[in-house]
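Before any comments, here is the structure.
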């Protein structure tokens, strides 16, 4: 039987064969060269269409060809370069429990319509939420399909719940929302949240991390118990600043003391803590903001594991917008924001990760303030120009260093490193495997001796593993794709063994508990761990 290809198929096959030919010859296939190949094939096959997208090209490739093509054509490798595929899902609009901050643009009945609190409806995740009427199942399913179309592995998913103070919602809504996200990953409608979690432990798309956003005053024992029940591994706190007078003026509805207490409770429950920080709030200035960052990284009451930094912006429909119109407030200029954030980066400890710089708000809705969405890139350029180095996790992760700088780790110089510090009344030990010659981070583990835990699983004989992460491009759980990856090479197991040794020999503990993502529980079972309440645990003999 003779198969006759249409003209579009001929074009796609031409592009695929050219790429594979150059790949086999060892030629460089960057984004520019791929576009050149598309143009060359379009000149041969004149069919009146523009440059085909990479996802279109992949549809015409065989399964064997895809193994080579996907790593080459993958758009935005940074989406999975830290080791997981991020899926952000937006909750439905709901009024904030405390009222409205003076800089908050969104919410029910805002100038942007009914959108989630603190969003404008123009952010990618919010638009996806609106498109699917904030249905968690449809949002999750669509995002996974979107990531797969552009070549990202989606075996390991970090699920981020956005849209406001999730713990303030009804318990029934919270349980239903997470269950439906898991149903979308599992491809099966479970009868309960617990069943959905159990299925996900061995599903094709596993939830290896679950992040929930909340406020410091909605992060007490009750809220933490619920978040752990849902399967949370990280909590993002809307801290904004550590000055009470500014928090009060901006109508935040919480205090610095709330932040300190929430931070301690979260760490003593084995959860990772991320701070959202907003330099340039009304009443602050550059000197105060620099002091804030120094205090946050040095004062044991704070010391978060991660930070998101976004300068205060003026957006229509806010109380801050009216102040700005009256000349009572002026946000940071671009160069001021760059200087402040560069300073923050310069003093970050090696155990902190910068997860985001700048909100995902389009410039078209920003009335005044930093409008550039690539503020992070501008910060890095400024730092490079002024010889400023950052030691944070993101800047040293193997995936980012290889992708951004083209530097491969030297295996001979990969060593086990240890940094110990006091935080929130307890002792933190940051263990890592690093290329000490090139300052590249391969894998790390956060071990904690708790201060005042309230969970019944955690007693005086317990140490907590709050995070275990191997950096680098996500490696599928199947072993099909032959890519350069640092996952599945035993670094995680070695770090866990060292954590067990430290807990037993140095601290005299008899038990170790790991805050495991739902989809990572099987990994820990293979290492001798079993379910202990919300955790995976092991008794140290």
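Cβ atoms are placed via backbone N, Cα and C, with glycine included.
Swiss-Prot names 156, 467, 468, 469, 470, 491, 492, 493 as acetyl-CoA ligands; from the candidate set 119, 137, 524, 535, the record adds 524 to that same site. Taken through DSSP, the domain 'N-acetyltransferase' (401-541) splits into 33 helix, 51 strand, 57 coil. Residues belonging to the region 'Radical S-adenosyl-L-methionine (rSAM)' (76-336) score a mean pLDDT of 93 in the model. Comparing residue 96 ([4Fe-4S] cluster binding site) with residue 156 (acetyl-CoA binding site), their Cα atoms are 32 Å apart once rounded. DSSP assigns residue 96 ([4Fe-4S] cluster binding site) to coil in the three-state reduction, outside any helix or strand. Residue 96 ([4Fe-4S] cluster binding site) is surrounded by 19 other CB atoms, counting those within 10 A of its CB over all protein chains shown.
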